[in-house]
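Chemist: Pasting in a structure now, in structure tokens, and then I'll have a few things to ask.
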Amino acid sequence: MFTKLRNRFLIVNMATIIFIMLVAFISIYIITCQKVIIDININLEMVSDYYHKKKASNDDKSPPPQGDQTGYSKDELLPCFELKTDNQWNILSVQSKLDLENQFYEKIINKIASRNSSNGRLKLNEISWAYKVEKNQSGFSVYALDVTSELKVVNNLIYTFILVGIMMLIIIFIVNRFLANRYIAPVKEAFDKQKQFISDASHELKTPLSVIHTNADVLLSNQEDLIATQLKWIHHIKTETERMKLLTNDLLYLAEMDDKRSDIVFAPLNISKVVESVILTMEGVIFEREVNLEYHLEPDLNTFGNVEQMKQLVMILLDNAIKYTNHQGLITVDLRKRHHEILLEVTNTGEGITSEHLEKIFDRFYRNDPSRTRKNGGNGLGLAIAKSIVEKHKGKISVKSVPGGNTTFIVRLS
């Protein structure tokens, strides 16, 4: 699916670029051609003017020197000639700065005569000529100018456009393919995560539903027994429904966090008091698990955020620490300000987390030890929710751990 999406993106993008390049190249070509034509016409007028003035001054064939009354220097004259003919296009005289045979002049006059036009261009012996015809009393005056170099520039422009166009398209295609892969990668990753999320959620719901279904069948098969004798099955159903409730609540919460349109109220809050209130709430649970707790909270640290979400964040980190702290182990909560950041660190002793698990610890439904997590009542969503809360508050969350040693979750808030 994403390959087709990428290819469609490339086709549309390349088609748009090709169209723009064609418009640009054609525009440049037309403008260049018009300029060349204008320059040729100007040069023809110069040739005509030169021979008119030369005739008026009764000068010879050689180019007039600098300062001559015709006003032209030798360097300014172009490769051209003048032919005078009668009304039947018979050549009467030739004035030329070029060393050409009479047969050539006959051929060019025949071509011009056959066209019956006052100006134009023709090609003879691989040389391109621009000509101008003037009618006079004795016949015609034909002025011709070698424009091979000018037309060659136009022709070379076409080859240049083709070569440059192909090179540009190859480069643009490579760049577009790279960018397409780069932009589609996060979309594909999000799609894959969504698929995995749905698969994991279905799997998580399947287990309690199976337990409920089995226990319900047991109850139905013993309809004559008293409820008191069937309490075990009822408690199993109750336990699994509670688990399903927690799971669905977490799923709904994650969906709400993912929804950018959801309205979350942010306000100034005292993060020191928030952390302290959560610690006091969970002291009973910590005591029951027979683990030790130490906390160091810098007073009156203020930030901007949502109070309920901050409480849930601290509760998730503390609950996670309680679950994975070894018997008579130690949980340390440290809250302080460093530079322009507020740092919350929750550290616990225990088995630690290996490096391959650290990279995935915040993924949804990810469990370091699945059997132990189920035993502790976890569903693998707590740390994913914690990460979503921190990101909503424009903060960062990270973890560092030593296998067989301490594990520390670090939250940075501005």
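FYI, residue positions are counted from 1 along the chain as it appears here.
Positions of Cβ are set from backbone N, Cα and C atoms, glycine also.
From TrEMBL, here are the annotated features:
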- 200-414: domain 'Histidine kinase' (DOMAIN)
- 9-31: transmembrane segment (TRANSMEM)
- 157-179: transmembrane segment (TRANSMEM)
Chemist: Calculate the per-residue pLDDT averaged over the domain 'Histidine kinase' (200-414) and state the result as an integer.
Modeler: 82
Chemist: Using a Cβ-Cβ cut-off of under 8 Å, list the residues of the same chain that are 6+ residues beyond the ends of the transmembrane segment (9-31) and lie near it.
Modeler: 154, 157-158, 161, 165, 168-169, 172-173, 176-177, 180, 184
Chemist: Do any residues, 6 or more residues outside the transmembrane segment (157-179), come within under 8 Å Cβ-to-Cβ of it, and if so which ones?
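Modeler: The answer is 6, 9-10, 13-14, 17-18, 21, 25, 28-29, 32.
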